[in-house]
Amino acid sequence: MLAILAAHAAAALLAPLLVYRWGRSAFYPLALVPLLSLIWVVLNWPDKGEAHVVDVAWVPSLSMDITLRFDALAAVMSVLVLAIGALVLFYCADYFHHHDGHTEKRLPSFAAELVAFSGAMFGLVTSDNLLLLYVFWEITTVLSFLLVGHYAERATSRRAAMQALLVTTFGGLAMLVGIIVLGNIAGTFLLSELIAAPPSGLAASVGLVLILIGALSKSAIVPLHFWLPGAMAAPTPVSAYLHAAAMVKAGVYLIARMTPGFADSPEWRPTVVTLGLLTMLLAGWRAIREYDLKLILAFGTVSQLGFITIMVGVGGSEMMLAGLAMLCAHAMFKAALFMVVGIIDHATGTRDIRRLAWLGRRHKPLLIIGCAAAASMAALPPFFGFVAKEADFETVLHSPYLGAASPFVLAGIVLGSVLTTVYSLRFVFGAFSRKGLPHPSTRVEEMHRPGAGFLIPPAILAAAGLLFGLWPKPLDTVLSNYSDTVPDPQGYQSGYHLALWHGVNLPLLLSVLVLAAGIAIYFGRKRLRRARADFVPLGNADRIYDAVIRGADVLSVRVTALTQRGSLPQTQSFILVTLAVLPIAVLGLGARTQPRFEIWDSPPQVVVGLLMAAAALAAVVLRNRLAAVLMVGVTGYGCGAIFAFHGAPDLALTQFLVETLTLVAFVLVLRTLPAETSREETTRYRGPRAALAIAVGATVTTLAAFAMAARNSRPLAELLPDAAYTLGQGSNTVNVILVDIRAWDTMGEVSVLLVAATGVASMVFRSRRFGSAPRVSDAGQPDIGKLPASAYHSPAAGDITWLRGSELRDPRHRSLVLEVATRLIFPVMMVLSAYFFFAGHNVPGGGFAGGLMAGLALVLRYLAGGRYELGETLPLDAGKILGAGLTLAAGTAAASLLLGAPALSSAVIEFDVPVLGSIKFVTALFFDLGVYLIVVGLVLDVLRSLGARIDVEMSELAEQNKQAVQRR
């Protein structure tokens, strides 16, 4: 199973390269991946009651391990996912054929996404760990968003993709909460264990309902059904796979999986049956109103999903068998019909049944395939759709769990089946009939005949529907392996089996009634035309969705207009008021331990504290912006000194380095502002500002005091040094925590750093974002300014020399002392940066401190030599450095998993080197290197944005002012 997942992942990575190399023909070798996986499934088919289990530790502390369970239900779903996946990939090779020979721009990524989706669905149906299942669940959601939005230049595709993403993500988040609730109550997140011993109680019921919301949203059940018809904006292969056989079956699969353990919960059957019936009837009614072939099938899919949800959700072995039979039948005929629609659209350029006439006469093979698949959908004998529908009627009629509701449920299913017959006839006659015209329609007249390879995938699926209808025994045996595990009431004897002929009985009579009523309604449809046009049950779901989205937009705009008016002080005020009010309110309402205050631990703390307080007051009253920033810096350096007093040299070092870089960033920005603030600005709202500042300070102090007082156990900090050395093989506790013990936290923090760097650069570089810092050889590029005239006569221009960029600066802005000092200090700083990086695992330092030191070295070169010197020092794109750092950090997590260890695990490697002796190497160094690169990339991006770019804008402004003066 792990090999199948790895094969799909590898194929997804290679798919773009194959498409670039072979074009659409690359889909043929890609189809081999699910096909070979299907062969593995068949060869390893589990016996009745048997399950193959794979368990690999991943994140044990979160109970999220890679636990895969291949039992009868997983095997059935795997066949659907992999077999139809292989056929769809084969089908894509012809579907994306264009007569002018060009390859679609997004086809490489489309191929990768489709193969990855196949692997994600296999992972979903084989996951035994609910948290892992959720991971695959959300992967399918994201991939569905990308596949539905394949034609991103079309507004309809973008809207459909976003709609599907919002609805299914909403359901997925609800499901995640339900998973956490159920898992915590039961003490396990394994589906097999939860079903064997389901938890009970109010909290368990809430968790179960939340999981149902996720499952129903994924399978497009009312009221969350509207996203599926909209998703028909996707290419037809996506509809044939995701929206007929794979993604929409994920919710049905989860319900079928959980029914044996939770069907008796009071909220389960009423929810499943009521929403299933509503979905079947409402969507069936909508299907008979559509003119687009794909929309007929889309609403038909929604209707059938409601039907299947009822069958697999009620409980009992017989209804489960019938439900799984309908699930398989639906996958076969609906995927085939979607492929037929794709061929029609590809050949004629339209899916509108009003523009198709005589198509059946012009292309009889396509007519035969379409009619065979539609016959199975309408439950005509001898197709498997008929076998499954009869099983559904029979098992609903005699279900021990429906009781008195059985006749009403059966009546609803019969009515829904009549609608199924009507839209099946609408599809066949709409696509292939003459429509009373004496000659073919224009589109059919001008159509090109599809190749034989284009017809093979739908022909295979249509033939399978006929084969299993004539010979249902194999599927009966396979499906019974799971359905027999579903408990029946005590004393109930289950003996139903799938068969084409059960004799003359009530289900057969109902089947005849359904077909007769459907045919009568279709051919008498003119009388229903006005009703179909005027009656839309429960309104238009799309309009309701649009109204909800508009309401959310309006609300967000109003809240934003209230809290964010473009004034930084006002925005900060809202944030700080919230900080001051909410925590104190919670503290006042809850239980708390009386704090014990100590003013200071040592006299130096008093001195530093008074200095920090004085600097903070000075920053408030000073009008000079630079002086105020320096005073703020004093408070930061004082904080670092207090860290040092408490025996935390690593924290102190990092604080000093960060404070220095922050001051540099402040100074770079302050160049564009007046030197002093106006007197009006400093005195305006002084009272409210002071009150808010005091309130925030008091809140933070109070919270800190109560937090410290709440400790009633031995401090964990006393255990960390030994744990750091034992687990991380390092003496620097802080660094080991960052890169090993709590490496996931660090991963999140460096991701935030990357986002911050991107945000700063995006605001400054409004038109051009990418590229390295300017170099001397780049002088004259539009975004870095023209080369000064003096540079063309400089003896150093073109020579290899230290601080080459300084030769291009205006002599008035150069400092000989700084340039000489830079030549001496820069190498020392880089050596110190390397020392912090390599030695940080055992002494104060690490990748973060080393990156900060390297960043300060870049600052020094920039200050001494200007913007061109920045490019001479590090002629690399800051974005690529950031990307390389994040890739390296994430790669260490992936490497651990590939080696069978939890993500971000580290190992110790010892080896002997001549002269140097024994070397001990900890693999966490690679993760630390990623942190180092991200910090360096951040500093470089800030210097490019707030330094080099602002230099250009200031020089351009000065030039404009100079020209304006000359014109006067």
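Cβ from N, Cα, C; glycine included.
Feature annotation from TrEMBL assigns domain 'NADH-Ubiquinone oxidoreductase (complex I) chain 5 N-terminal' to 60-101. Annotation comment: TrEMBL describes 107-125, 164-190, 295-314, 365-388, 450-471, 574-591, 627-645, 651-670, 746-765, 844-864, 885-909, 921-940 (among others) as transmembrane segment. Look at TrEMBL and you will find 127-398 tagged as domain 'NADH:quinone oxidoreductase/Mrp antiporter transmembrane'. Per TrEMBL, the feature domain 'MrpA C-terminal/MbhD' maps to 610-674. What TrEMBL lists as domain 'MrpA C-terminal/MbhE' is 689-768. The feature domain 'Na+/H+ antiporter MnhB subunit-related protein' is assigned by TrEMBL to 817-940.
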Intrachain neighbours beyond the domain 'NADH-Ubiquinone oxidoreductase (complex I) chain 5 N-terminal' (60-101), with Cβ under 8 angstroms and 6 or more residues off its ends:
1-2, 24-25, 27-28, 30-32, 34-35, 37-38, 41-42, 44-46, 48, 50-54, 107, 111, 114-115, 117-118, 121-123, 125-129, 131-132, 135, 183, 188-192, 235-237, 240-241, 244-246, 249, 253, 256-257, 324, 327-328, 331, 335, 339, 342, 346, 448, 450-451, 453-454, 456-458, 460-461, 478-479, 481-482, 485, 902
For the transmembrane segment (921-940), sequence-distant contacts whose Cβ falls under 8 Å of one of its Cβ atoms, 6 or more beyond its ends:
661, 728-730, 735-736, 738-740, 743, 746, 750, 753-754, 756-757, 773, 837-838, 840-841, 846-848, 850-852, 854-856, 858-859, 870, 874, 876, 878-882, 884-892, 904, 906-911
If we call contact 3 or more Cβ pairs under 8 Å (sequence gap 6 or more), are the domain 'MrpA C-terminal/MbhD' (610-674) and the domain 'NADH:quinone oxidoreductase/Mrp antiporter transmembrane' (127-398) touching?
no
In the predicted model, what is the mean pLDDT computed over the domain 'Na+/H+ antiporter MnhB subunit-related protein' (817-940)?
86
When you scan the chain for residues with a C-beta under 8 Å from the transmembrane segment (885-909), skipping those not six or more beyond its ends, what do you find?
56-60, 728-729, 739-740, 743-744, 746-747, 750-751, 754, 920-924, 926-927, 929-937
